[in-house]
Each structure stands twice: as structure tokens, then as C-alpha cells.
2 protein chains.
Amino acid sequence: MVKYPAGSLTNYSQDQTTLFKPKKNNHRKDVVFSDRGMNLEQQINESNKFYLLEELAVVHKKPTPVQIVKVDYPKRSRAVIKEAYFRQASTTDYNGVYKGYYLDFEAKETKNKTSFPLKNFHEHQIIHLSRCLKQQGICFTIIRFVTLDRYFVTPASFVIKAWKAKNKSSMTLAELEKNSIEIKVGFRPTLPYLDAVDQFISKVKLSK
Amino acid sequence: MVKYPAGSLTNYSQDQTTLFKPKKNNHRKDVVFSDRGMNLEQQINESNKFYLLEELAVVHKKPTPVQIVKVDYPKRSRAVIKEAYFRQASTTDYNGVYKGYYLDFEAKETKNKTSFPLKNFHEHQIIHLSRCLKQQGICFTIIRFVTLDRYFVTPASFVIKAWKAKNKSSMTLAELEKNSIEIKVGFRPTLPYLDAVDQFISKVKLSK
């Protein structure tokens with residue numbers, strides 16, 4: 001039934017075999033195991049893998065956009081990109097589908113303890129979130145306060161408003177507490193952000 | 001109101017200024033102007049830009065996934081990627097949001113005249129389309145018969161079924177005619193594939 005491309009393991013198979021392979025045990029004893037010193041991107045990627053394999057949602061991080069200039073094709077070896085440049089992205093990092101809804105979000109970390117600096121969001125991200133909102137996507141940000149070990153899932157509408165406000169350089173912790181759904185790190189998934197999405201969807205349904 | 005990143009034009013601004021700039025006039029006189037010798041990817045990208053600027057849909061092509069190994073940071077110049085490798089994608093090339101619906105599709109060309117070879121679809125694309133279908137996304141393929149100058153928008157459910165069928169190596173033109181919505185090249189957008197999507201959405205609504 002399945003037509004494998006000749007001689008190559010698919011990404012899918014790799015996902016399945018490596019997903020829960022134990023990592024090199026270099027975490028300190030005072031670190032919660034489920035956290036394993038991952039950064040926010042790793043936490044979200046692991047959560048997305050979990051959601052994917054459990055058939056709960058299909059969300060992927062977009063690859064870094066790269067302009068490829070020169071590629072070598074060595075004999076008996078795979079192609080090597082020898083010259084390339086980073087291009088500016090035109091979207092957020094993550095999108096996908098969940099229960100018929102389009103999801104789109106950006107994830108950011110800060111070491112601050114009392115506020116999140118708005119300059120961490122780039123104009124193209126704000127524009128993209130606005131456009132997706134107009135198309136009735138479920139759009140949000142995930143902000144991690146590293147020092148506080150707190151995670152906020154915030155509707156894009158609030159973030160866009162704050163970003164566009166004159167003389168406003170950050171969202172305070174109090175504002176985020178008031179306008180977000182706070183989530184806690186778990187084991188499977190690492191970061192259960194779909195719990196917050198479920199609440200956004202309930203609100204959308206109520207308003208219809 | 002708008003916080004521009006220092007010294008950089010955003011992608012968005014570039015889009016707006018270059019989108020409808022006339023291209024170098026090297027098309028032959030017997031070529032339809034709206035077509036301009038573009039390949040299918042270019043036709044879809046132009047259509048997506050049109051849909052984006054008209055605020056009709058937000059659909060982007062995903063960047064080619066690349067594993068970056070070595071980057072040089074020359075003085076007074078931008079970073080150069082000196083060693084990188086192509087990675088296998090785990091999704092289709094295009095996704096986005098339209099009227100609250102999640103869209104996901106793959107685009108393929110063939111020079112054949114009577115059938116489309118199924119080996120042109122890779123396993124990871126078929127798996128990804130199946131997963132998105134389960135999440136109630138609007139999933140399809142756009143197939144261009146280059147020699148015939150015909151374009152078919154085919155529901156992913158049909159393509160997946162054909163791909164999984166034993167002893168079936170291609171979809172015949174007749175099958176595609178029967179199971180697709182055929183679209184014609186236009187001027188703006190170049191390839192009005194959302195017309196076909198509208199029909200898919202009507203069917204989804206009827207079945208609810």
C-alpha cells in the first residue's frame with residue numbers, strides 16, 4: 001500500500017522513532033524533569049509532536065526562510081549549500097489546524113520579571129496576525145517569563161492593540177495576567193497550549 | 001504608530017512596491033500576457049500575493065527546510081551561510097486561512113497529456129494531507145497539465161485514495177476531470193483557485 005521514496009526514511013517515520021527517545025541526562029537535580037531545560041521553541045515543538053501523533057492537531061513551525069545562492073553536488077554524496085542568506089520572514093513561526101480552526105501564533109521568551117517589551121514583536125508578525133484575524137483565524141502569542149517560569153497565551157487582538165499604542169513600549173505582567181490564559185508546563189504535552197485555544201474557541205462560538 | 005525595525009524595509013513594504021511592477025518584457029507575442037511563461041509555483045505565489053493584498057485570504061508557500069551547519073559573520077556585511085543541507089519537508093508546500101477555514105494544498109505540474117503519475121506525490125505529503133483532513137481542513141491539490149494548459153483543483157480525499165490504491169500508478173485525465181474543479185488562468189489573480197475552494201466549502205456546509 002505504502003509507496004516509500006527509494007532509499008529514504010520519511011520524516012514521519014523519524015518523528016515516530018525519535019520522539020520519546022530519552023535525551024542525554026544532563027539536567028540538574030533541582031530542575032523539574034518535564035521541563036528538561038528546554039527553551040520555549042523546544043517546548044512548543046515537543047508539544048506539537050505530541051498533538052500530531054495523538055491526532056489532536058496539526059501544527060508545525062515554519063522553516064527559517066533562506067535564499068540559496070550556490071549549491072554543490074558532490075559525487076556519491078548529498079547536495080551541499082555553499083552560499084545562502086537569511087531572508088526576512090513574512091509570517092509568524094507557527095500555524096496549523098485544530099478541529100476545523102486555523103491556528104496562528106508567535107512564541108517569545110523574556111528574562112524580564114515585570115513586563116514584556118513590545119519591540120520583541122516585529123512589524124511583519126503584527127501585520128500577519130492582523131491579516132489572519134480578519135480571516136477569522138485563532139491568533140495568539142505564547143509568552144514565557146523565563147525567570148518567573150510562567151507562560152501566557154494571549155489573544156493577538158490584545159497584543160496588536162498594545163503594539164500599535166503610542167508611547168507604549170511593553171505589556172506589563174499585570175496586563176498579561178488580566179488579558180491572557182496562563183498555562184503550566186506538563187509532561188505530555190510539555191506545554192498544553194491547546195487548553196487555552198479551547199477557551200478562545202468557546203468565546204468565538206458564544207459570540208456567533 | 002508603526003514601529004519600524006531600524007534601517008530595514010519590511011517584507012510587507014517590499015511586497016507592496018514590487019508586486020505589480022512590470023516585468024522585463026521578454027514574452028513571445030503568441031503567449032497570453034496573463035500567463036507570462038510562469039511555472040505553476042510562480043502562478044500560485046502571484047495569486048497568493050493578490051489574495052493577500054485584497055484581504056481575501058492569507059496563504060503562503062512554506063520556505064524550503066534547510067539544516068544550517070556553518071554561518072560566517074563578516075564585518076560590515078550580512079551573515080553568510082557557508083554550509084547547509086536540504087532537509088525533508090514534513091508538510092505540503094502551501095497553507096493558510098480563508099474565511100475561517102484552514103487551507104492546505106500541494107501543487108504539481110506534469111508534461112503528460114493523458115494522466116498524472118502518482119509517484120509525484122511523496123508519502124509525507126499524503127500523510128500530512130490526511131492529518132489535516134481529520135482536523136477538518138480544506139485540503140486539495142492543484143495539478144497543471146503543462147502541454148494541455150489545463151488546471152485541476154482536486155480534493156485531497158480523492159488523491160489520497162488513488163495514491164493508496166494497489167496497482168494504481170496514475171490518475172487518468174478522465175478521473176481528474178470527473179473528480180476535480182477545473183480552473184482557468186486569469187489576470188488578477190493569475191490562478192483563481194479560491195473559486196474552487198468556495199465550491200468545496202459549499203459542499204462542507206451542505207453536509208453539516
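Using the three backbone atoms N, Cα and C, a Cβ is placed for every residue, glycine included.
Now, the feature entries from TrEMBL:
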| type | residues | note |
| --- | --- | --- |
| BINDING | A:THR91, A:ASP93, A:GLU106, A:GLN125 | Mg(2+) binding site |
| SITE | A:LYS108 | site 'Transition state stabilizer' |
Chain-internal residues, separated by at least six, CB under 8 A from A:THR91 (Mg(2+) binding site): A:LYS62, A:ASP104, A:HIS124, A:GLN125, A:HIS128
Candidate with sparsest Cβ neighbourhood (10 Å radius) among A:ASP93, A:GLU106, the listed binding-site residues: A:ASP93
Chain B, Cβ under 8 Å: which of the recorded positions A:ASP93, A:GLU106, A:LYS108, A:GLN125 qualify: none
Largest tally of Cβ atoms lying within 10 Å of a Cβ, found at which of the recorded positions A:LYS108, A:GLN125: A:GLN125
Mg(2+) site, defined by A:THR91, A:ASP93, A:GLU106, A:GLN125: further same-chain residues with Cβ within 8 Å of the Cβ centre: A:LYS62, A:ALA89, A:THR92, A:TYR94, A:ASP104, A:PHE105, A:HIS124, A:HIS128, A:LEU129
Conformational class of A:LYS108 (site 'Transition state stabilizer') under the three-state DSSP mapping: strand
Rounded inter-Cα distance in Å - A:LYS108 (site 'Transition state stabilizer'), A:ASP93 (Mg(2+) binding site): 10
